[in-house]
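Report on the following structure.
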Amino acid sequence: MEAEYRCPICHEGLTRHDHALCCVNHHTFNIARQGYVDLSRKQKASGDNRAMVQARTRFLEQGYYRFLRDELTKLTADAGVLVDIGCGQGWYTKALGGQLKYGFDLSREAIRHAAGQDKGTHYAVAGIYDLPLAAGSADVVTSIFTPLPEDELQRVIRPGGSLIQVMPGPDHLLELKELAYETAYRNPDKVRQLEGFEAPECIHIQKTIPVSDVWDLFEMTPYRYHTPKEGLERVKRAQPMEITFDFVIARHLRKEND
C-alpha cells in the first residue's frame, strides 16, 4: 500500500513524483536509494550513531528480546494502519502486524538500516513530536521504550484505535545494574491513564536468560551515559552472566467520543 505522508513544513499532503515526495506548496523531499525519506527538517544527524546501531543490531539478532517481539506480533496481528514511533533499526517493526506500516526515528543511520532490511514498511527520518501523518490516520501506534508524544498520539490515532506502549518492568536488567552501580535500583511503575484514552490494560512478561554479549547490551541502554568509570570497567570485564529481561506492555484504547 502507498504511504500517505503530510508535509512537515506546511502540513499539506505529500504525493510521490518520481524519486521524491512533494506537496502543493512545492516542498520536496527526496526518497533515498534504500527507500526511506527524510522528513525531519534537521541538517545534523541525531539519534543513534552508526556504532550504536551496530551494537544494538548485534545484540537484538542474538534473540534475547524475541519473546517480547513475539508478544507484540500477536497483539498487532489485526492492525490496519500501524505506526512504530522511535522504531530504531526496525527489528520490532518488521515483525509487527499491519496492512500498512510506518516506522519513524530521528536517527538516519537507524532508518537507513531499517529500510535496507525491511521493504514491507514505509520508513522515514522524523521526530515523534511532529509526526508526518494526517489526523486520525493510525489504527495502532507502537511505542517501544520511546517517550510518549501525548498530543500527537491523540491527533493521529483514530477513535477506537490503540497505543501499545512497552516499558521496562521493575526487575529489567537488574543484574546489569548491580554490576555497574554500587547500589542497584528497581524500576518504578510508570503506567498511567492518558488523556483521551481508556484506562490501560497491562501484560507483564519476564525471562532470565544467559547473556554472552554483556557489553553490547550495556551499550544499548541509557546507563551507558551516567555510569561511573569504575562501573564501566566492571561491565567491560564481565563474563557471560544471567540477566533478567522484564517488560510491561500497556494497551491504551483511544476513546470513541473524544
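Here, residue 1 is simply the first one shown, and the rest follow in order.
Just so it is clear, glycine is given a Cβ too, placed from its N, Cα and C backbone atoms.
Caution: TrEMBL annotation is automatic and unverified by curators.
TrEMBL has this to say about the protein:
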type    : residues          : note
DOMAIN  : 5-39              : domain '23S rRNA (guanine(745)-N(1))-methyltransferase N-terminal'
BINDING : C7, C10, C23, H27 : Zn(2+) binding site
BINDING : Y65, H172         : S-adenosyl-L-methionine binding site
DOMAIN  : 83-164            : domain 'Methyltransferase type 11'
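Recorded features from TrEMBL, shown on the structure.
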{"residue": "C7", "record": "Zn(2+) binding site", "CB count, 10 Å": "20"}
{"residue": "C10", "record": "Zn(2+) binding site", "CB count, 10 Å": "12"}
{"residue": "C23", "record": "Zn(2+) binding site", "CB count, 10 Å": "19"}
{"residue": "H27", "record": "Zn(2+) binding site", "CB count, 10 Å": "16"}
{"residue": "Y65", "record": "S-adenosyl-L-methionine binding site", "CB count, 10 Å": "19"}
{"residue": "H172", "record": "S-adenosyl-L-methionine binding site", "CB count, 10 Å": "20"}
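Within the chain carrying the domain '23S rRNA (guanine(745)-N(1))-methyltransferase N-terminal' (5-39), a Cβ under 8 angstroms from the stretch's Cβ atoms is held by residues 108, 111-112, 114-116, 119, 123-126, 130, 132-134, all 6 or more beyond its ends. Here the candidates are the binding-site residues C7, C10, C23, H27, and by Cα distance the one nearest H172 (S-adenosyl-L-methionine binding site) turns out to be C7. Within the model, the domain '23S rRNA (guanine(745)-N(1))-methyltransferase N-terminal' (5-39) shows a mean pLDDT value of 96, rounded to a whole number. In this structure, the CA atom of C23 (Zn(2+) binding site) is 40 Å away from the CA atom of Y65 (S-adenosyl-L-methionine binding site). A coil conformation is recorded for C23 (Zn(2+) binding site) in the three-state DSSP classification, outside any helix or strand. The two recorded residues, Y65 (S-adenosyl-L-methionine binding site) and C10 (Zn(2+) binding site), have Cα atoms 39 Å apart. Secondary structure of the domain 'Methyltransferase type 11' (83-164) per DSSP (helix as H, G, I; strand as E, B; remaining residues coil): 20 helix, 28 strand, 34 coil.
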